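**Q** Take this structure, written in structure tokens, and hold onto it; I'll ask about it next.
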């Protein structure tokens, strides 16, 4: 048959083995003599069968030679993995055993990466993740890529460890140090949804995250769900793929130490927030204090030293060592401790620091209450020009108001408030701040001034002669009003007295007090121009004041006054 003469049958290039049926017990000479003829008849074409029969083994048992399906052992790269020495023939210390294990594992990974034997068997593979594609539509998470990346990361960690433990260690020739090592630390937002882990990790103005990066030397980024606000996310596929994962911190560094240090810092923040209440979290309090300092609203009371003892943790008015009496003083303007009213920073501009009693006693001022109420009242007064106070009364001065005794003299009458009571001044008893020249003595109670007894040295109503109710007219002891009393008689010698001598009651001169004369040896000086009648010694009295009726006639008992002398 023609097909038997062909050296290659079909597309199979592997030569066929010798035939197993028939001719095995025949003479060997026939086969030997037929071999050259057949070879020569085919014009040098190699036959599919073996031309030389192997010699039988010494024990007479024929064995079939098994061929390796991968080729020769010298060319088989995978077969070299089985030749790695794993038997330990000497007594090694623990450090030597660890170094040998590192070296053996690094060599094994290097050979797998060299022959591209990275994908394990079907039974050892894990379920494949969903496919991911880059901007060009190429899949980035293929099976070969994922397993190669895993082996490269493992070899990088082992090489870093071997370079520290094994002296003069040289990594494999095909080893390339990666630019960065990254690792993910997941945040338990599902277990603690009420805790703001992102705010604690980032901090005010990102200072907490920057501090952790500076301390560890690694780059820390927050990725995953919830890391980017809605409407501010990027549209690229790589960023969109990170948004599908859970919230995590992506740590990137060039060495493993930096990554571990950054992981420790991130774990510390997460564990502290999850185990300690928010009010007792020191990190949260420091962040709030730092944010207040950045905004300019910080009042650092905790770290401020006490002005009394110098210790930190309390103010001077709460100091246990009471050595400074100023710390116990309470300001009556703002209600705070540690300063007087004259030094109060909340005192209104232009107001007096004294808070005298005066007549009015303790009248409520506008400034009483907390600082917010005082500022609001002051603002309303400045805007409206006279806003009512908290008690509905017209606004008054906080200190040195219209009812504060001697401070009332610099206040205009129309600026004075209503009187503190409806009782007449002469009916008020027990006024401590009266002078000795007021309206009568304390023991007279509610008696009017004209009914009060005259005291020595007083110069009120009825004190001087010629006035209303003068003692000479007997009106000091009567209870009638001066306008209901009879006119007193004129004093003798009224022509030389000052005032209206002919009209009693109009300021007659005091008895025994005449007009002063000229000094010895001098004449009476002339009166000033235009005022001849108002000068002492003037002969003619001034005309009576105009009125509705004529002046009363003089009493009939008394003689008429003498005519004026020329």
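First residue shown is number 1, and so on along the chain.
Glycine residues also receive a Cβ, built from the backbone N, Cα and C atoms like all the rest.
Remember, predicted model here, so these are calculated numbers, not experimental data.
Heads up, here are the entries from Swiss-Prot:
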- 1-14: compositional bias 'Polar residues' (COMPBIAS)
- 355-364: compositional bias 'Gly residues' (COMPBIAS)
- 457-472: compositional bias 'Gly residues' (COMPBIAS)
- 473-486: compositional bias 'Low complexity' (COMPBIAS)
- 494-513: compositional bias 'Low complexity' (COMPBIAS)
- 186-266: domain 'KH' (DOMAIN)
- 1-77: region 'Disordered' (REGION)
- 341-367: region 'Disordered' (REGION)
- 382-566: region 'Disordered' (REGION)
- 304-321: zinc finger (ZN_FING)
- 329-346: zinc finger (ZN_FING)
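Would you situate these features in the structure and describe their surroundings?
**A** Residue counts for the zinc finger (304-321) under DSSP (helix as H, G, I; strand as E, B; rest coil) come to 3 helix, 2 strand, 13 coil.
For the zinc finger (329-346), the number of residues in each DSSP class (helix H, G, I; strand E, B; coil) is 0 helix, 2 strand, 16 coil.
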**Q** Would you report the average pLDDT that the model assigns to the zinc finger (329-346)?
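**A** Per the prediction, mean pLDDT sits at 82 for the zinc finger (329-346).
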**Q** Using DSSP, what's the helix, strand and coil tally for the domain 'KH' (186-266)?
**A** 37 helix, 12 strand, 32 coil
